[in-house]
Structure formats: C-alpha cells, structure tokens
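Per Swiss-Prot, the feature GTP binding site maps to Glu43, Lys46, Ser47, Thr48, Ser152, Leu176, Arg177, Thr178, Arg179, Asn270, Asp273, Cys325. According to Swiss-Prot, the feature Mg(2+) binding site maps to Ser47, Thr182, an assignment based on similarity to another entry. Sequence annotations record features per position, and here Swiss-Prot assigns N-myristoyl glycine to Gly2 based on experimental evidence. The annotation 5-glutamyl histamine is assigned in Swiss-Prot to Gln205 on the grounds of similarity to another entry. Annotated region 'G1 motif' per Swiss-Prot: 35-48, in sequence order. The annotation region 'G2 motif' is assigned in Swiss-Prot to 174-182 on the grounds of sequence analysis. The region 'G5 motif' feature in Swiss-Prot is assigned to 324-329; the stated evidence is sequence analysis. The annotation site 'Not S-palmitoylated' is assigned in Swiss-Prot to Cys351.
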Amino acid sequence: MGCTLSAEERAALERSKAIEKNLKEDGISAAKDVKLLLLGAGESGKSTIVKQMKIIHEDGFSGEDVKQYKPVVYSNTIQSLAAIVRAMDTLGVEYGDKERKADSKMVCDVVSRMEDTEPFSAELLSAMMRLWGDSGIQECFNRSREYQLNDSAKYYLDSLDRIGAADYQPTEQDILRTRVKTTGIVETHFTFKNLHFRLFDVGGQRSERKKWIHCFEDVTAIIFCVALSGYDQVLHEDETTNRMHESLMLFDSICNNKFFIDTSIILFLNKKDLFGEKIKKSPLTICFPEYPGSNTYEDAAAYIQTQFESKNRSPNKEIYCHMTCATDTNNIQVVFDAVTDIIIANNLRGCGLY
C-alpha cells in the first residue's frame, strides 16, 4: 500500500526542511566569523605574528606606523647594548680594549637619562660601534643565555651604521623585530578566504594572564606560541623558572581547560631560526635532563613537540603543530594558510557540513 502524506504532514515536512536550511545558513554565517586567541608565555613571538597579519592580510605598515616604530628601534638597539655592558660586570668579563669603559659609560648614561628613544648623536654612534666591535663585548654577547637580552640584539647592533644614519627610516624587518611588552589585549581584524578574523593578542607575562579570562567565550581556535629558543633561558619575571618549563605548564593549563574542550589548538613552535643556531652550542639536556637524542635541530625540535603534545589529556582533541619563524613573512604566510584550512574544515564539521 502506498504511503501518501497528508497536507498537514507535507506542510510539517516543508517547515522542517526550511528550519534545517536556515540552521545550515546560520551555521555557514557563524563559520565565517573566526575568533582567534593568541596565547603563550612572554616573548614567544605573539605580537610579531600580529604584525605579520598586518603585512600579509592588510596594507602593511603605514607612514604613521613607521614614524611610531622609529623610536622603538632606537630604544631596542641601545637598551640591548646596555644590557650586554651591565652583564660584563655581572659575569666578570674584561673588555678587549680598556678604553671601551668610557664608551660603555656613555651608553649607560643615555639609557639612565631615558634618552634611549632619540636618534644617536655622531659621538654616541661611534661609541656604540666601537663597543659592539670589542672582543669582550662579543664574548659577553655569546653568553646571553646567562642574562636577559632582547632576541633582536644582534640584528640591530649589526645594523648600527644604517640605524644611525641621519635619514634612517625603519624597514619592514626592523619593525617586525621590535620588542615592546604587550599589556592588556590587542585586537586585530582582517579578512582571508571569505572568513572574518578577529585576532586577540594577550600579554604573556604572568601579571598579564589574569586578563585572558575575558576572551574565553566563543573562541574558534587558539594559536599557542612557544619560543623554541627559550629552552636554556629563565623568565624575566622569575629567574628561577626555565622559560620552556613555564610554556609547558601554561600549555597544559590551556589545552585541558574546561573552556576549551571543543576548541582547536594550533601550536606554533616559534623562533626555529634562533633554536637552530643555539642547539649547536647549548644542549637540550639543560631543559630536559632525560633527553636521549642528539643535539640536532630535527631531533631536538621533535622531542620538544612531543613534550607539548603529551600534555593533551583529551583523546578527541588534536593539536595542530607548526615550526615557525615569526619574523619570516613567507613562512608565516604558508603556515597561516594551512591554519585557515584547518579552521574551515573544523567549522564545517561543527555545522554538519563536512
């Protein structure tokens, strides 16, 4: 016997289909809004990722941006040299040429007078160049894991003649490498692959982390940044804690947080360039005494990745891991393209469309 739907049943079926269609459309619309939370300990490269989004997905740095970053470059450069000078005393390193002591006093005086954001005078520039060329300063620089030094110190100090020029304008790379502590939450908007991204960069130092809670609602994915090169360094805010151990502890608390049960987690093992150089001289056993492998980039990076992945206690949660160099625009462009594809697939799956 045939099964004929009554008019009422047909109307109910049409209503059901319409509701399902609306739900799917709502799902697609929701899937187009992506809220990304950029987390990680201090100095892991989060703010550099944000700057890259400005280069890749917006119009890069404006004339006003360049103007604002210029004093930051001056400050980062002279503050880095002053940090090495101070460490000379702490570590008991002698200058190659004793006459450099007068140069070091000039540098430290400029910093103590808070004139570090101003263009370098000809006299100051000469003093800085002599200092950076000193064998004792270079020896102290090579021991930078024993004190706190900006990652970009060598980059800036190798460019002193360019940065010290009267007509100096910061390049894109100069701006990418600037270091300013993030306080509070910085929000960035951009569109990519028909998705509307809202990217939240949150201060990573311990004092800033209590502010993260405000960002927890409706997060599409978390990008968690780790400085691979921090494995043999201690924190700025607590010189008894290894930076990599701090990142692992933080990742554990984020990955297994009740707020993020259904949130995709993307792990950026960042500063791979610095790590590749450092691992040749500084063994991974400084951080992981039980590490059995060789001190090659491939083996050591793979071991660190395993340490982070093992913190995930949810059998249904996948950690998407990428080795990154946040100052390399091409690398970040390729990685972010892959991250976006993961987000699209996961969003569609969440809407039952994939």
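For all residues, glycine too, the Cβ spot is worked out from N, Cα and C.
Neighbour count (other Cβ atoms within 10 Å of the Cβ, all protein chains): 18 for Thr182 (Mg(2+) binding site).
With respect to Cβ neighbours within 10 Å, the binding-site residues Arg177, Arg179 differ, and Arg179 shows the lowest count.
Counting every protein chain shown, the number of other Cβ atoms lying within 10 Å of the Cβ of Ser152 (GTP binding site) is 21. Fewest Cβ neighbours within 10 Å among the binding-site residues Glu43, Asp273: that distinction goes to Asp273. On a Cα basis, Ser47 (GTP binding site) lies 8 Å away from Thr182 (Mg(2+) binding site).
Looking only at the region 'G2 motif' (174-182), the predicted model's pLDDT averages out at 92.
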